[in-house]
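Below you'll find the structure, written out as structure tokens, and then a few comments.
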């Protein structure tokens, strides 16, 4: 038996205090065994460790001895030695058999006297908690756990985890347990650990532990329903979108069940992140898995489906919710009423509105605004006004935007009286109308032609310090232009310019209104105002005004416009030149002819140079007429101006015929035909039929074409002996009489039908052999003294064409012969 040796007073006092505490509490878990050696010379810490090693766990309330498993050849029925426990004075407190060496983790009981008693779960848990709290983590803790004198199980670990508050210590204990042979996956353990990690906001740790749990479940073929759902919920609430969705997919792949709360958490997360279609995907997974929906799911999904435009799905869920006796909230009604209204399902929207009121829910101001806006935009203004009144009766005051919308919707619908009434209420309520509201009212009054009301609104707007928009000015100026209030329009335009707007386009628009209306005097007056105010217009409008002046015979005003047009580097094209030439053809007064000739010269177009050269003599022109004409037509860009060239030929031939320049006219027609301006005019159908189509020609061009073509037919028939069965002249209803009268003057065999002059080829051949026909075809069309020219003058009024002709033709036949 060993006794406590002499120590230094300080060390002795520490040990005696320890023994005294043990005496005071003999039911404690500590037993003391005197060491075989105790050196007073050792330092305090080494002696403290020595004394500490004397204590070991015993079973409460008696001093218990661990029963040896019998390994290592040690007899389990023998005690190693007798131990005496002394008090401060050295008296024996207790004596008994000591503890022999054991193999930790193999004994599942303790000895109480001579009896074996199993280790209680509470004692095991206490011991595990004590070790974990003391060592926290690391190899030292695991060594102590490995030396436990009993075999733990998952129940011990689970209970210990509930007591241990430290996250790292809990994880260390759990990972140690996972390496033991007795380990089995435990849903409760994982749930406790996930709770600890969530409290410490360690989401990386949650993800790592989740991966371990997935591998663990796959290895043992188990499923941790509670822990799986808890992980996803924690990550979703922490807005870890990608991680939570990844965990969700892994749980789905593992075949584990996911509860409604977890689905709701994910749906909430995706909706919060602005990903409604991903939330719908989760909802569809929920339906596919057969998971029942709760009130929260309906509260989440119905508004989301409605706002995303999936109204049928939202309505279906709404009906399902009511069938399950869930009470729809105001949020659901508000979202459905708003979405249905915006989608144009007004009947459904108002029905839901009434149903909500039937459940005792009070509409909000936002809902009233949504309904009024939906009905107003759909043009159902009576219903909108009824809801407007209900809104005011409910105690809600229409706001600025609602007033504006109601006023504008009524104004745009043409209900100007109601719009102005609400507009007055808006002003009385203290709301200053926006420029948009003023503009809408003003534009609608302008569109309806109410000048006084429009000007009154314009004055109110400017007096309120509001700046009218460009569309407002445009509408007002258009109204004033249509009403021909030039002075008022000029005043408004100058105010618009003072506001900083570019007024060139608006002024030009007003000018176009006058031009289209045919008010040439007002157009010229407005143009002068624009010039005085340094406001420019474009060449297109100048050209339009020029053509208006030409149509109205205002040649004095037309020439300055044309000069302005040319001096501004605008191109006078062949069409414009031809249109001026057409006016010259129709001119009846010699004074106006001089104006028109000067206007033609002012165009500076190459066609005018050609016209002047065409009437010159060969000496001045220095080349034959046919060559001169060919040179001009070769300079035309037929890809760009083919239509203009045809127009020019038609008008020019009219002019040449009326001027008596038949030979020159035949040259122009010949060159025009050579350049394929009239490709389908002459058709040779072998020996069957030859035809000439003059339906698309002017009168002068048609006459020249008939004479020239018949001359070609005569040459082919007489010189080459080719005689067709018939010859046709396709004239159309307009030219039929003129061509028939011309041919009847030389007794032609052509018979007149509806639109065609026909004759057998043999008859035409005999007709061609007559000398008078030869002279007729080789020379010229009869002059003005003949009946034919009288007819031409009727079609083309002209003063003294023989005076304008530089070389009057000789008449082929006298009036007596006709």
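One-based numbering along the chain as shown.
For all residues, glycine too, the Cβ spot is worked out from N, Cα and C.
Just so you know, TrEMBL annotations are computer predictions that nobody has curated.
Note that the coordinates shown come from a computational prediction; the quantities given were computed from them, not determined experimentally.
TrEMBL annotations:
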type: DOMAIN; residues: 692-768; note: domain 'Smr'
type: REPEAT; residues: 259-293; note: repeat 'PPR'
type: REPEAT; residues: 294-328; note: repeat 'PPR'
type: REPEAT; residues: 329-363; note: repeat 'PPR'
type: REPEAT; residues: 364-398; note: repeat 'PPR'
type: REPEAT; residues: 399-433; note: repeat 'PPR'
type: REPEAT; residues: 434-468; note: repeat 'PPR'
Long-range neighbours of the repeat 'PPR' (329-363), counting only residues six or more past its ends (CB under 8 A): 298-299, 302-303, 306-307, 309, 311, 314-315, 318, 321, 370-371, 373-375, 378, 380, 383, 394
Secondary structure tally of the domain 'Smr' (692-768) (DSSP, helix then strand then coil): 42 helix, 14 strand, 21 coil
Non-local residues, at least 6 beyond the ends, that sit with Cβ under 8 Å of the repeat 'PPR' (364-398): 330, 333-334, 337-338, 341-342, 344, 346, 349-350, 353, 405-406, 409-410, 413, 415, 418, 429
Folded-back contacts onto the repeat 'PPR' (434-468), same chain, C-beta under 8 angstroms, at least six residues removed: 404, 407-408, 411-412, 414, 416, 419-420, 423, 426, 475-476, 478-480, 482-483, 485, 488, 492, 495-496, 499
